[in-house]
Amino acid sequence: MSISLNTCILILKEHHLLKSSAVQDTVATKMEYVSYDSRDIQTNTLFFCKGAGFRPTYLSMAKDNGAICYVAEQPYPEGKGMHALIVRDVSKAMALLSAAFFRFPQDDLYVVAFTGTKGKTTSAYFLKGMLDQMNGGRTALISSVNDIVGTKPEDSFKSSLTTPESLDLFRDMRRAVDNGMTHLVMEVSSQAYKKNRVFGLTYDLGFFLNITPDHIGPNEHPNFADYLHCKLQLMVNSRKCIINAESDHFDEIYAAATTTTNPDSIYLFASENFENPKLNVPIDFRYASQETDMRETRFKLFCASDKAKQLPINGDYTLQMIGNFNESNGTAAIIGAGLAGMDHDGCAKGIRHVTIPGRMQTEMTKEHGIVVVDYAHNKASMMALMSFMQSEFSNPKIIVVVGAPGDKGVSRRPGFSESLTAYADKAFLTTDDPGFEDPQSIAEEIDSGIDHSKCDVTIELDREKAIHDAIAMAGKDDVVLICGKGADAFQKIRGVDTPYPSDIVVAQRVINELEGQKEHFRN
Ligand SMILES: CC(=O)N[C@H]1[C@@H](OP(=O)(O)OP(=O)(O)OC[C@H]2O[C@@H](n3ccc(=O)[nH]c3=O)[C@H](O)[C@@H]2O)O[C@H](CO)[C@@H](O)[C@@H]1O[C@H](C)C(=O)N[C@@H](C)C(=O)N[C@H](CCC(=O)O)C(=O)O
Ligand SMILES: Nc1ncnc2c1ncn2[C@@H]1O[C@H](COP(=O)(O)OP(=O)(O)OP(=O)(O)O)[C@@H](O)[C@H]1O
């Protein structure tokens, strides 16, 4: 793989990004590697100086290690003797040049993107499960749990970001194409748009699942308007748009979709009884709950409009994932599979056994009720989870283990106070990725907003002990919800991913200790 200096200049000029360039006569002009990290350089590398944490010494290091050209928003003396491309926005430049360097892998993939405050990972896994039926397991995945770029074990790896840096994304897409993958399902976070990680990328299908306030605070979005604006970009950049008509801010979402997409290629879905008198476009797909228990979720999908009836996906579906919110996620994913060419039988077979690490993993204990490990970690998902449990078990005692992360998403803390007050009988406030903040202060902040006449609180910063105490106190008919970390096997503490056994492992161990049982969590 390579890219010439001239090509870089042309691309940057075409997008009005180039401010100035300095070309060295004696230096090679063919770049054979790209990087934004001075610790990862090869001969003739094109190096991007980007990010709040960038230091000019990284450029010196990159040059010493073989970088011959740098892209930056200002010239650096440390880059003397290298080609220099000085640009208006280095993150946009990196996305465009990376796509070109990796020979536009998106052109060889059917690319589907999900955005939404909640349900991205779940919907992405559902869709991958179905597409794999059709293409023989050749669906690549970019998600906040795992990235999968091929069929061999070494082609699956844990992701550190939900949506990777543009350079990493295009490299992974190239790897997927070279490994014979035909489809890519990806989660696109609001940060991905804010940081131009997907700049210039167009999706075959783009989904807007829902939006509620989240990710607002230092290092993320300054306010809700910015969060919404970033998420709306997915609609602007999708050839076909699929929108949850029940989402807050529906009008803005639909309007964003119509800026670049004919209404014939915009599809809406909603639950059976949803009505919005102000809506002047028809709902294309409806879903209706069937009988549901703690093992499975069953629902029916109706193709309601003429446009929808062209897709043969009408019918009954069963999910192994519980939680009524998964009917909405499942519906979205099935519409995606239908638009990609699948029929009801293929979809039903593909989605039937999909499970997702750390999402709604449940265990029925003998003496301590039902224990659920789930990734719910903001107000909307906590509300959805606890209201589902309340309705399933006709007002059980709900015991929750939860904490809020440090350094980000500060808006989640009052959201936890509110949702715990609304539904929980007992809360163990504990540690969840405190970063550079004091976990005790985070817990006290959540506690200060809880109405203690409704929800009793214990602050127990040792997460393993909190899980133990929650399960130990639960009676036969109670529900224990261990929230926020899912299958994460680390705690982010002061910039370091500190090993942690994972909530599933801890809960399993506690149940085994208490009941001597050797079963494993479902899913
Ligand atoms: C605000 C933001 O988007 N930050 C991301 C960004 O950081 P940055 O560009 O400022 O880079 P930096 O880490 O300060 O480092 C500066 C540069 O120096 C380079 N460097 C560093 C050290 C060295 O020796 N040599 C060297 O060259 C680094 O490679 C980097 O290019 O680029 C880094 C990778 O290059 C990311 O790890 C980092 O994500 C931060 C840590 C993060 O966690 N972001 C969260 C908010 C996020 O993006 N979350 C969303 C999910 C949200 C949701 O759930 O919906 C996501 O998509 O994951
Ligand atoms: N459609 C939904 N509405 C409300 N809550 C949901 C929905 N789907 C999932 N959840 C809840 O949110 C949790 C996270 O789900 P999921 O990982 O699919 O979302 P996500 O959008 O990828 O989240 P994140 O951006 O935080 O990684 C689930 O464990 C569940 O508790």
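A Cβ is built for glycine as well, from the same backbone N, Cα and C atoms used for every other residue.
Taken from TrEMBL, the feature ATP binding site applies to GLY116, THR117, LYS118, GLY119, LYS120, THR121, THR122. Listed in sequence order, LEU209, ASN210, THR212, PHE325, ASN378, ALA380, SER381, ALA384 are the same-chain residues six or more apart from LYS118 (ATP binding site) with CB atoms under 8 A from its CB.
Marked as domain 'Mur ligase central' by TrEMBL: 115-335.
Counting residue by residue with DSSP, the domain 'Mur ligase C-terminal' (358-486) contains 47 helix, 28 strand, 54 coil. Annotated domain 'Mur ligase C-terminal' per TrEMBL: 358-486, in sequence order.
For LYS231 (N6-carboxylysine), the same-chain residues lying six or more positions away in sequence with a CB closer than 8 A to its CB are THR115, GLY116, SER190, TYR193, PHE208, ILE211. According to TrEMBL, the feature N6-carboxylysine maps to LYS231.
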Same-chain neighbours of the ATP site, Cβ within 8 Å of the mean position of the Cβ atoms of GLY116, THR117, LYS118, GLY119, LYS120, THR121, THR122 and not counting those residues, run in sequence order as PHE114, SER123, GLU187, LEU209, ASN210, ASN329
Expected list for ligand 2 (Cβ under 6 angstroms, recorded positions GLY119, LYS120, THR122, LYS231) reads GLY119, LYS120, THR122
For THR117 (ATP binding site), the nonlocal same-chain Cβ neighbours (under 8 Å, six or more residues apart) come out as LEU209, ASN210, ILE211, THR212, ASP214, HIS215, ASN378, ALA380
So THR121 (ATP binding site), by the Cβ count within 10 Å over all chains shown, scores 23
Close in space but at least six residues away in sequence, with Cβ under 8 Å from that of GLY119 (ATP binding site), the same-chain residues are LEU209, ASN210, PHE325, SER328, ASN329, ALA332
A correct count of other C-beta atoms within 10 Å of the C-beta of GLY116 (ATP binding site) gives 25
For THR122 (ATP binding site), the number of neighbouring Cβ atoms whose distance to its own Cβ is within 10 Å equals 28
